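Lifted from TrEMBL, the feature list:
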ACT_SITE  CYS85  active site, glycyl thioester intermediate
COMPBIAS  146-159  compositional bias 'Basic and acidic residues'
COMPBIAS  160-174  compositional bias 'Acidic residues'
DOMAIN    1-148  domain 'UBC core'
REGION    146-183  region 'Disordered'
Amino acid sequence: MSSPSKRREMDLMKLMMSDYKVEMINDGMQEFYVDFNGPSESIYNGGVWRIRVELPDAYPYKSPSIGFVNKIYHPNVDEMSGSVCLDVINQTWSPMFDLVNVFEVFLPQLLLYPNPSDPLNGEAAALMMRDRTAYEQRVKEYCEKYAKAEDIGAPPEDKSSDEELSEDEYDSGDDAVVGDPDP
């Protein structure tokens, strides 16, 4: 067994033995979901997100690919794809880091200290800089609507289409929900 695959196994086992729920996607150890709770000292407290993790063949020498499955309102997370803009994952990854670091340090830091000057969600970044109170309220609304622990296993499609079209409270200008306008 090569060193990267042993390391992948070890890191995955370490993650599974921690407090995180890990669900394998395929038979291999390269794709899986991890249920991640918002940090208790943040406005994301109470939210639970399913994070999709893909480990490249060259892991740990190449960083894992991570993304939010359920929606989160954050300047550095693309709302549609769930992609994360995080330097330590995208540019400064080191083999010294492991999967537990991602969930115990990197993602909590991302939620605690958003960087609106390097956004993947321009609307969230603009709102955060313009009106912090309205931004925090929107974060809490998203947590309530998309990040409940009991909904974490449901497919994202089941939680978005009908609910979003029936609620008009999320009018965000040009980024409004696609569909028939309310009469």
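All positions are counted from 1 along the displayed chain.
Glycine is treated like the rest: Cβ placed from N, Cα and C.
For the residue listed as 'active site, glycyl thioester intermediate', the count of additional Cβ atoms within 10 Å of its Cβ stands at 18 [all protein chains shown]. Helix, strand and coil content of the domain 'UBC core' (1-148), in residues and according to DSSP, is 57 helix, 25 strand, 66 coil.
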